[in-house]
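Here is the structure we will look at, set down as structure tokens.
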């Protein structure tokens, strides 16, 4: 059968176009399970992140910490909102039926979430580092308004990095009639040597997103953690706050969900020159892409499960759960001081009783006699 498209395609994309639709019953069963899992994940992600946004944004006192979480939840909500369309793509037999424009928008949301998540986690780690290493500076400059401005700058940077993926995203017909939504690196200005153009652009995209959205954020997070640990060790403090544990859990989930995707993206870039990697890259990318999508579903669960006595507090309200986790370090220190004051105040009656026990006990008859005699001598205890 002749090629149904006149668009110039890179070698890897040409092989993907020629892949036939599988008719194996076991593979179709896997497709059905995949559609079910993605459908449940999309519903769960929308509900979870919507609740987090509502509670943190409308029902909690606004702090720098809640500002970070608010923007992180917004990024996850955007990714979760795109999951139903990806589920529809799977349900109709891995064919994109929603047009080229929506293909570009849908894919851009995925990459926007990828960059925004990495940038926001970096900002959270740096904020924690400044609190510990430069407490006076943080006290004077660390405000909710500044945090919002930083988040807006990070969103702008994420949008800027997403533009190439929007530009090169395209719909490509397959030989079996299905439609792919993938990036066509020869869509704009292919140049005289198409193989060189494909190889250069594919490696540039894979390496740039691997560095900017994964390795650089992890380096910032790791260096910030080391700086904080050294400073706390110098002060003789090793106590870890709840929000620090929450950030650690989110970072672990970020690495587990996005790490495989970046590895396969690098394999895909390498597959342009190493043909033996092409089948592995084309088969593995859909699975690791789904895993990356699920990161937006996992994060809201971490907000709740890092809270102690989670089930008890869930009976009270989601707000109580989040307020116990998204607490500023200064608030925790203040709470600790208040608890110490209450403990000292409860110890006062005991000390008073001890002092009273040491004061000589006066019998009424002896006290009356002493007052009649007008003696200046204090009666002795008997």
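Glycine is no exception: its Cβ is also placed from the backbone N, Cα and C atoms.
It should be emphasised that the depicted structure is a prediction, and the values quoted were computed from it without experimental measurement.
Noted in Swiss-Prot for the protein shown:
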type     : residues : note
DISULFID : 103-181  : disulfide bond
CARBOHYD : 3        : N-linked glycosylation site
CARBOHYD : 21       : N-linked glycosylation site
CARBOHYD : 24       : N-linked glycosylation site
MOD_RES  : 330      : phosphoserine
MOD_RES  : 344      : phosphoserine
MOTIF    : 329-332  : motif 'Involved in the recycling of CRTH2'
TOPO_DOM : 1-32     : topological domain 'Extracellular'
TOPO_DOM : 56-66    : topological domain 'Cytoplasmic'
TOPO_DOM : 89-105   : topological domain 'Extracellular'
TOPO_DOM : 127-145  : topological domain 'Cytoplasmic'
TOPO_DOM : 168-209  : topological domain 'Extracellular'
TOPO_DOM : 231-246  : topological domain 'Cytoplasmic'
TOPO_DOM : 269-287  : topological domain 'Extracellular'
TOPO_DOM : 308-357  : topological domain 'Cytoplasmic'
TRANSMEM : 33-55    : transmembrane segment
TRANSMEM : 67-88    : transmembrane segment
TRANSMEM : 106-126  : transmembrane segment
TRANSMEM : 146-167  : transmembrane segment
TRANSMEM : 210-230  : transmembrane segment
TRANSMEM : 247-268  : transmembrane segment
TRANSMEM : 288-307  : transmembrane segment
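Its own atom aside, the Cβ of residue 103 (disulfide bond) has 23 Cβ atoms within 10 angstroms in the protein chains shown. Residues 64, 67-68, 71, 104-105, 107-108, 111-112, 115-116, 119-120, 123, 127, 183, 187-188, 205, 208-209, 212-213 of the same chain sit 6 or more residues outside the transmembrane segment (146-167) yet have a Cβ under 8 Å from a Cβ within it. Ranking 67-88, 210-230, 288-307 by CB pairs under 8 A with the transmembrane segment (247-268) puts 288-307 at the top. For residue 181 (disulfide bond), the same-chain residues that are 6 or more apart in sequence and have a Cβ closer than 8 Å to its Cβ are 89, 96, 103, 106, 107, 169, 170, 171.
Long-range Cβ contacts of the topological domain 'Extracellular' (168-209) within its own chain (Cβ-Cβ under 8 Å, at least 6 residues beyond either end) map to 1, 3-5, 7-13, 16-21, 89, 93-97, 99-100, 103-104, 106-108, 111, 114-115, 161, 262, 265-266, 268-269, 272-273. Among residues of the same chain six or more beyond the transmembrane segment (288-307), those with a C-beta under 8 A of the stretch's C-beta atoms are 34, 38, 41, 44-45, 48-49, 51-52, 69, 72-73, 75-77, 79-80, 82-83, 86, 110, 113-114, 117, 242, 245-246, 249-250, 253-254, 257-258, 260-261, 263-264, 313-314, 318, 321-322, 324-326.
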